[in-house]
Amino acid sequence: MTGTGLELCELRKTYTARGRPAVDAVRGIDLSLRSGELLGLLGPSGCGKSTTLRMIAGLESVTGGDILVGGTSVVERPARQRNIGVAFENYALYPPLSVAENLAFGLKARRRAARGSKGDVERRVKDIAERVGLTGLLDARPAGLSSGQKQRVSLARALIREPDVLLLDEPLSHLDAAQRDTTRRELKRIQKDLGHTTILVTHDQEEALSLADRIAVMRDGVIQQLGTPYEIYDSPANVFVADFVGEPAITLLPGISGGDGHARLSEAVRIALPVRVERGREVVVGIRPEDVRLTGEGGLPARVVAHEPLLESGLATLALDGVERPLVVLTDPEVRLAHDERVRVAADPQHTHVFDAETGDSLR
Amino acid sequence: MRKRALGWLGDAALILYFVFALFPIAWMVILSLKPADQLFSTYFSFSPTLDGYRTVLGDSEGIPFVRFFVNSLVVSVGAVALSLVVGLPAAYASARWRFKGSENLMFTLLSFRFAPELTVIIPLFVLYQKLGLFDTYVGMVWVLQLVTLPLIVWIMRSYFADLTPELEQAALLDGYTRKQAFFKVALPLVKPGIAAVSLLAFIFAWNNFVFPLILTSNEAQTVTVGALSFLGGDRPKYNLTAAAALVSVVPPLLLALTIQRYLVRGLSFGAVKS
C-alpha cells in the first residue's frame, strides 16, 4: 500500500471578519510531495502551518489556490470525500468507546460505501493494531491510556481508512521526553512501513529534523525555505531560518563587511566570511555554537560571561571584545571556564553564515 | 482548642440554618396532617389524620386536583421535550459557529429569562383568548418555552463549547456528514448535561405560577395554581392546601433523586490530554 502524491499550488487563506482588518494566514504556498514522502511543516505558532493542514484536510475553506491529491483537485470536496487521514494534536479519541471501537468508528461511516462487512472491519482493526503496536490495548478506554498510547491510537485511527495522504498535527507535543523519543521512532518506522505521503506540522525542530525527509520552514504564511534537514541546517536561506532551526540557537552578530572577505563586528573583532561581500555593506554574521572552538593562541579575544556544564558538553556564553551581543559556544565536557576569564575563540569560516542586515537573506 | 471551638460554632450555625430551612416544610407536614376542626386550635398537639391527603387525591370538594397534577406533568414534560428538540441544535450551532447576529440572538433568548413575566402576561392573555390557546396544553407548552428554552440553550451551549471540535472533525474526515457528527459524536458526549439541564428546566416549568394563573382556567390548570383552590370558599382549608403542595413536590423530588449522579458534572473526558 502506498500513498499518493500531494501538491499545493498557490494556496492562500485570508480570514475576514466584519469590522476587523483581513488577516492573511497563508499567503500562496507551493509544495509538491512525492508519493510516500514525509514533509515537515515547521514554524512558530501563528505561522499558518496548522491552517495549511486544515485546508488540506478540508476542515477550513480555501481562499485561493489548489490542492491536488494524486493529481486530482480536492478543493471543492468536503472533508468526508477527500480520504485524508489526520492524527490530531489532542488525539480526538472518543471517550466512551474502547480503542477497538474507536478504530472501527472511522470505518463504519464508509462501510455502506463498499468497504466490506463486519468481519472485514474486525480484521482491519486487528491488522492496524498490530502494525501500530496496540494489540494488547484494544479493549482499553482512552482515559486509561498514556499519552504515547493515545497518540498511537490516534495514528491508527487515521491510518485504518487507508488514506491517500496522512496529516500529523503536532503529534508529539503532549508527550513527556521519554515517550517522545520512543513514539518518534515508532512514528518514523510506521510511516516508512506503510509508505503514506505525510505532512507533519510542528513547531518543534527536533521533531521535524528527525522525522521529515524534507522540511518547509514557515513564517507569516510564507514558506521561508524548503529542503532536507541538512540543507536547512547547513545553509539557512535567511536569518529567520537560521535562528529558528538549531538548538542551542545560532548567534547572530551585526557587522560591516570590509570587502576583503571579513566583517568587522567591533574595533577589535574581525571575522572571516565564507564569501566575499562588498565593502561597507551591513551584514549579520551567524555562528552556530558547535562551529566555534576555543583556541590557545590567535583567534578572537573574548571574556567569559557564563559557563554551563551540561555533562555531555558545556555551553559558554562569551562577550567578544567590543561586541554587544553575546556569543554562545559549545565546549568540550572537560573544559572549565571561570567567570570573567579571558579566552580566544575561532570560528570556522566554512560554517559561518552571513546575511544581509536589511533583508535578512543569506549572502552565501 | 481554637479549631475545636470553631467547629462547634460551625455546627451550631449549620443546625440553626437547618432548622430555618426545614421548619416551613415541617410546618407544612404538620398542617397537612391536621384534621379540619383542629386547624386553628393547636400548634403541635393534634390527632393526626391522612384525611387531608384523601380529600385532595379523592377529587372531593369539587376540585379535580389529580387532573391538575396530570396537567402539570404533561405541560412540564412537554415544555422540556420541545425545548430539547429546538434548543439542542441551537445550542450546538451557537457554540460552534459565530454567525451574523449570533450573539444578539443568544442575548435575546437570555432576556426571556430576566424580563418579568408580568410585563407580557396581559397581551399574552388577550392573544391566547383570540387564538384559542387559552386553557390548552399546547398553549401552556408554548408559553413555558420562555422558561425552559433559554435555560436549555444557554447551559447546553457551554457543554458543547467545552467539547473539543477535533472529535467532530475527526468524524468528518472519517466520512460522516455534519449531521451525523452532531448526532453520533457531539450529542452522546453531552448526555450528562442534557439530563441535568432537563431536570432543571422541568423544575422551573413545574414551579411556574404566573402563566397557568392567567392563561388557564380549568382544563389545563396546573398544581401551582390548583393547590390554591382549597383556600377559596367560605373557610380556607389550609390543611388541604398543605397536602396538595406536598403532593406536588413529589415529582421534581423523585426526578432529582433518580438522576442525581448526572447532576454532578462528572464529565471525565479522555479526549484531551489528561
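Just so it is clear, glycine is given a Cβ too, placed from its N, Cα and C backbone atoms.
Annotations in TrEMBL come from automatic prediction, not curation.
Among the features that TrEMBL reports, domain 'ABC transmembrane type-1' is placed at B:69-259.
Taking Cβ pairs closer than 8 Å, the transmembrane segment (B:12-33) reaches residues 39, 44, 46, 48-50, 52-53, 238-239, 242-243, 245-246 in its own chain, all 6 or more past its ends. Feature annotation from TrEMBL assigns transmembrane segment to B:12-33 (among others).
Among residues of the same chain six or more beyond the transmembrane segment (B:68-93), those with a C-beta under 8 A of the stretch's C-beta atoms are 99, 137, 140-141, 144-145, 147-149, 151-157, 159-160, 182, 186-187, 194, 198, 201-202, 205-206, 212, 216, 219-227, 247-248, 251. Taken from TrEMBL, the feature transmembrane segment applies to B:68-93 (among others).
Look at TrEMBL and you will find B:105-128 (among others) tagged as transmembrane segment.
Sequence-distant neighbours of the transmembrane segment (B:140-160) (same chain, 6+ residues past either end, Cβ-Cβ under 8 Å): 71, 75-76, 78-80, 82-84, 86-88, 90-92, 94-96, 106, 109-110, 112-113, 117, 120, 124, 128, 133, 186, 190, 193-194, 196-198, 200-202, 204-205, 208, 211-212, 215-216, 220, 222. As annotated by TrEMBL, transmembrane segment applies to B:140-160 (among others).
Residues 72, 75-77, 79-80, 83-84, 88-89, 92, 144, 147-148, 151-152, 155-156, 159-160, 163, 167-168, 171-172, 222-224, 248, 251-252, 255-256, 259, 262-263, 265-267, 269 of the same chain sit 6 or more residues outside the transmembrane segment (B:181-206) yet have a Cβ under 8 Å from a Cβ within it. What TrEMBL lists as transmembrane segment is B:181-206 (among others).
Among the features that TrEMBL reports, transmembrane segment is placed at B:238-259 (among others). Listed by sequence, the residues of this chain that lie at least six past the ends of the transmembrane segment (B:238-259) yet keep a Cβ under 8 A from its Cβ atoms are 28-29, 31-36, 39, 52-53, 55-57, 61, 65, 69, 72-73, 195-196, 199, 202-203, 206-207, 223-224, 226-228, 230-231.
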